[in-house]
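Notes follow once the structure below has been shown.
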Amino acid sequence: MFTLHNSSMIGLAANLCVYTHVSEAISLAPSDYIFSYSSSYAFALRIVLLLVIAWMTLLVFNSALIVVPISLGRALFNSIPRLPITHGIKCNDLYAFVIGSYVIWTAVAGVRYSIEQLKKRRASVLFGQIWKWCAIVMKSSALLSIWIFVIPVLIGLLFELLVIVPMRVPVDESPVFLLYQDWALGLIFLKIWTRLVMLDHMMPLVDDSWRVKFERVREDGFSRLQGLWVLREIVLPIIMKLLTALCVPYVLARGVFPVLGYPLVVNSAVYRFAWLGCLCFSFLCFCAKRFHVWFTNLHNSIRDDRYLIGRRLHNFGEHVEKANEAGASTGVPDTILSDHEVDVGLRLRRINQQAG
């Protein structure tokens, strides 16, 4: 009985302990669940905040990359004086972004190079490079200004006077020239012309010396650019030809033709078609000059073929006389010519008779 009682008591105690642990577990479960839920919520909140901060950082960085160059480019664009060629041009954000980016890149590269030279204690070399590149930039800027702005404006103005004004402007109205449109057209034509010259596709119209000049400029680059040579050999001849093409018809239409006493309508019509007429006259002169050269070359080639100029002539029997002289000097009797030599001699005699 004692053993059974003890075993029942032990089982009761064990059941009591299990119940106690289960009740404790049941009583602690809601708090643990709340703690785990709050931990997962805090983790998700941190992830969301991290993503928001990363997005804001990326937005600010991209905005700075776009806004700063555009603002700098707009400031530089607005600082340009109002020249006649800039009439009607509005500030384009794409151009402003490109200009600002180039300015920032140039400033960063210059500062980095200066810091490297100062770290190496080569201030004299740095100042020498600064002076050298300042001179190169000034020289190149002057030449590029003429090449990019002045020459395209002249080309575009000439094209407008040749094509657009006679086609679109009536005789009783005055033409209005928009120089920025003329500059755009002239820049396109100048680019096409230089490309054709470099590709050697304009031999009848342009001398080969222009391609040699452009190749020399390309080989020299900006660092070894010879400004006076470029100005004398390339820029000034082009400007002088364009000014001649613009000024000569104007002088004829406004200064010479009105002296003849024709009515105002006729004078206006002459002014409209003066450049086109001068172009046709120049084209006829060019064709006449080319035909004269071609006919002269054809005549010279026919004359040379007729009288065998520039060819070596062979006298029939010359080699026979030389052979006889050689036989007489050596005491050997005269040799008889072979059939091949006789045929050659007869052929040469027939040619000489036909030429005579």
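Note: Cβ is positioned from N, Cα and C throughout, glycine not excepted.
Whatever TrEMBL says is automated annotation, not expert-curated.
Look at TrEMBL and you will find 47-74 (among others) tagged as transmembrane segment.
Look at TrEMBL and you will find 94-115 (among others) tagged as transmembrane segment.
Look at TrEMBL and you will find 126-303 tagged as domain 'E3 ubiquitin-protein ligase MARCHF6-like C-terminal'.
The feature transmembrane segment is assigned by TrEMBL to 142-165 (among others). Within its own chain, the transmembrane segment (142-165) is flanked in space by residues 85, 175, 177, 179, 181-187, 189-190, 225, 227, 230-231, 235, 238-239, 242-243, 245-246, 249, 272, 275-276, 279, which lie at least six positions past its ends and keep a Cβ under 8 Å from the stretch.
Summarising the annotation, TrEMBL assigns transmembrane segment to 177-194 (among others).
Panel annotation: around the transmembrane segment (234-257), residues 143, 146-147, 150-151, 154-155, 157-158, 161, 213-214, 217, 267, 270-271, 274-275, 277-278 of the same chain, lying at least six beyond its termini, place a Cβ under 8 Å from a Cβ of the stretch. Here TrEMBL flags 234-257 (among others) as transmembrane segment.
When Cβ-Cβ distances below 8 Å are used as the criterion, the transmembrane segment (269-288) is approached by residues 158, 161-162, 165-166, 169, 171, 245-246, 248-250, 252-254, 257, 262 of the same chain, each at least six residues removed from its ends. What TrEMBL lists as transmembrane segment is 269-288 (among others).
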